[in-house]
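A.B. asks: I grabbed these lines from Swiss-Prot:
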type	residues	note
ACT_SITE	CYS383	active site, nucleophile
ACT_SITE	HIS520	active site
ACT_SITE	GLU522	active site
BINDING	SER14, LEU15, GLY16, LYS17, GLY18, ILE19, ASP71	ATP binding site
BINDING	ASP71, GLU144	Mg(2+) binding site
DOMAIN	295-547	domain 'Glutamine amidotransferase type-1'
REGION	1-270	region 'Amidoligase domain'
Amino acid sequence: MTKYVFVTGGVVSSLGKGIAAASLAAILESRGLKVTLLKLDPYINVDPGTMSPFQHGEVFVTEDGAETDLDLGHYERFISTKMRKANNFTTGQIYESVIRKERRGDYLGKTVQVIPHITNEIQAFIERGAASATCGEPDVAIVEIGGTVGDIESLPFLEAARQMSLRLGRNSACFVHLTLVPYVATAGELKTKPTQHSVQKLREIGILPHVLLCRADRRIPDDESKKISMFSNVPEDAVISVWDADSIYKIPQMLHDQGLDRIICEELKLSPKDADLSMWSELVEKLENPKHEVTIGMVGKYVDLTESYKSLIEALRHASLHTSTRVNIEYIDSEEIEANGVDSLKHLDAVLVPGGFGRRGTEGKIAAIRYARESKVPYLGICLGMQLAVIEFARDVVGLKQANSTEFDSETPERVVALITEWYDRDGKVETRTEESDLGGTMRLGSQRCPIKPGTMAEEIYGKDVNERHRHRYEVNNRFVPQLEAGGLIISARTPSEDLPEMMELPRSMHPWFVGVQFHPEFTSTPRDGHPLFKSFVEAAFANKQARGVKA
C-alpha cells in the first residue's frame, strides 16, 4: 500500500518546497523505494498553460502532453519516475470535476459543499495520481501542497490532507512543513517567531507536522532549533536546518545528513536499505571542479525572470557537468538588441534563442541569429528559436525579404511559419485542419518520436531517431522547404506521419554548429545523464572559444 508524505509551506512563498520534496524523493529512491510526487496548485486556472511567465514562471510539459507546474521539472530531474498529467492538479480542475458530477446527478440532489465534496474529490485526485505512477505502485507518494499555510486558497487542500491522513490510519501518512527562519541584521540573530506562528496555523486546522524544514540563509544554531522544537511540539531531531546552497544538487545530502529520510521511514514504518547518495556527491564534485569555461548568451524577452527558463538553465548546467565545463549564462534582452545592435553578443562563445510566444522582441532575436550565422558562432534555437532561424535564413540567404510568421504578421505573403490552419500547400492553396484532424487543435503537446536524416549533425547527436516533447502552435510551412533546402538549409528530422520539420541545421561547409529544434529538449535533461543536444552545444561553444584564441 502506498504511503503519503504531505509537504506544506509557511510564512512566505518561494521557499523551495519543490526542491525539498524532490530532494526527499531522491533520498528515498536511493534507499530502494519506489517514489512518485504530486503537486497541488491552489489557483483556479485549470492549468498554467495560458498564464503569463511573469506570474507563473515556466510551464513544464510532461510526456503525455500536460502543461504543468515547473516543480514537476524538478521532480523528473531528481528521480527516475516520469511525471504525467495526473501528477499535477489545480483548484480549477477540482471544481470543474465536481460541477460536472453535480450536473450529471452523481450527488443525488444533495447540497454540494467544500466539505465533503471538494475535499473528497481532492483525495480522489491524490490517490489517482499516485496510482498512475510510471514506476508501478509506489511505496511513497510525496504530495506538495502549493501556497502558504494561512491562505484561504490552500484550506481545502490542507483539510483534504488532514482527512486523508485520518482515513488511512497511523503510519500511513506524515507531514513535513517548510518554513522561514529569517535573519534580522539589526538584531544580529535568527528569528523563530514566524515559524512558531506558521506551525500554530497548521495545528489550528488539525495538522501536527512530524518534521520542520527551517529555511535560512545560514545553518540554524542548536539553541534556536531547541526553541523551535519546544514551541512547535516537534522533536528536536525533526527540526532540520535548510540553509542557502550554491547548488540545488547539494540539498539531498544536506537533508540526509540531518536524518530526514530516517525520520520519515520510522514514521511510515518502512525499513529500506541504507541511502546511497554517491551519484549526487559525484555530480557536486564535477560541478565544483570544471576544466573549461564558456559563456553562452540566452537571447529572450523574459530575461529578467529566469524562472521562465528553469528547465533550460538546468539543462545547460547538466551539460556543464558532463563536459567538465563551467557554463556562464548571460541573459540578453532581445529588445535591447533591436535598439542597440549586436555588439553585446561579440564576446559570447555561443548563442541560444529559447522558446516563446508573441511579436515583441522578435526582430532582436532575428538580428542575434543573423550575427551567429554570419560570424560562425554556435547557435541553438529551440521552438520559436528554430522558427526565427528559418525566417532569418529565408530573408537573408534565400531572398524571401517578406518572410515571416503569421504569429507576427498575419498579412505576410511569405508565410514561412504559420498555424496548421493557415498553411499553403505546394499549389498555393490554403490547407485547413480542424479539431477533428489528426494533429488536434492549434497546440501540439507531449512527446513524439521522429526519424532523423542519415549523415546529418542531428544523427551524430541523437542517433537514428529523436523522441522529445513539444509545446507550440506554429510550424515551418512545408511550401517553402524546397527553397530553403536549395539555399543550403538541411531539414534533418521530420514527423513520420505529417512530414513536419522537427530539426534544421546548416551544413558544416556553411557553419560549424547551427541547429534548430521545434521541440523542447530541456524537458528531458537530467543531472544523471545530461542531454546529448546540450552536451554537443557546450562542446561547440568551447571549440569556438579555442578557435578564437581565448584562454579557456
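Any Cβ shown, glycine's included, is placed from N, Cα and C.
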A.B. asks: Using the alpha carbons only, what distance in Å do you get between GLY16 (ATP binding site) and CYS383 (active site, nucleophile) once rounded?
C.D. replies: 29
A.B. asks: Return the residues near LYS17 (ATP binding site) by Cβ distance under 8 Å, restricted to its own chain and a separation of at least 6 in sequence.
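C.D. replies: In sequence order, VAL7, THR8, GLY9, ASP71, GLU144, GLY146, LEU178 meet the Cβ cut-off.
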A.B. asks: In this structure, which of the binding-site residues GLY16, GLY18 has the fewest other Cβ atoms within 10 Å of its Cβ?
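C.D. replies: Least crowded of the binding-site residues GLY16, GLY18, by Cβ count within 10 Å, is GLY16.
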A.B. asks: Which chain neighbours of the ATP site, leaving out SER14, LEU15, GLY16, LYS17, GLY18, ILE19, ASP71, have a Cβ atom within 8 Å of the mean position of the site's Cβ atoms?
C.D. replies: GLY9, ALA20, ALA21, HIS74, GLU144, LEU178
A.B. asks: Which of these recorded positions is closest to GLU522 (active site) if you go by CA atoms: SER14, LEU15, GLY18, ILE19, CYS383?
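C.D. replies: If we rank SER14, LEU15, GLY18, ILE19, CYS383 by Cα distance to GLU522 (active site), first place goes to CYS383.
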A.B. asks: Return the residues near HIS520 (active site) by Cβ distance under 8 Å, restricted to its own chain and a separation of at least 6 in sequence.
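C.D. replies: Listed in sequence order, they are VAL61, SER311, GLY355, ILE382, CYS383, GLU468, ARG469, HIS470, ARG471.
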A.B. asks: Have a look around SER14 (ATP binding site) and count the other CB atoms within 10 A of its CB, chains all included.
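C.D. replies: Excluding its own Cβ, the number within 10 Å is 11.
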A.B. asks: Taking the Cβ of the residue listed as 'active site, nucleophile' as centre, how many other Cβ atoms lie within 10 Å?
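C.D. replies: Result for the residue listed as 'active site, nucleophile': 22 other Cβ atoms within 10 Å.
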A.B. asks: Are there residues of the same chain, six or more positions away from ILE19 (ATP binding site), whose CB falls under 8 angstroms from its CB, and which are they?
C.D. replies: HIS74, ILE248, ILE251
A.B. asks: How many angstrom lie between the most widely spaced Cα atoms of the ATP binders SER14, LEU15, GLY16, LYS17, GLY18, ILE19, ASP71?
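C.D. replies: Across SER14, LEU15, GLY16, LYS17, GLY18, ILE19, ASP71, the widest Cα separation comes out at 12 Å.
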A.B. asks: Tell me the Cβ contacts of LEU15 (ATP binding site) under 8 Å, same chain only and six or more apart in sequence, or just say none.
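C.D. replies: Those within reach of LEU15 (ATP binding site), by Cβ under 8 Å and sequence separation of 6 or more, are GLY9, LEU178, THR179, LEU180, ARG215.
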A.B. asks: Which value does the mean pLDDT take for the domain 'Glutamine amidotransferase type-1' (295-547) in this predicted structure?
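C.D. replies: A mean pLDDT of 89 is what the model gives the domain 'Glutamine amidotransferase type-1' (295-547).
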A.B. asks: Could you check what DSSP calls HIS520 (active site) once collapsed to helix, strand or coil?
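C.D. replies: Its secondary structure by DSSP: strand.
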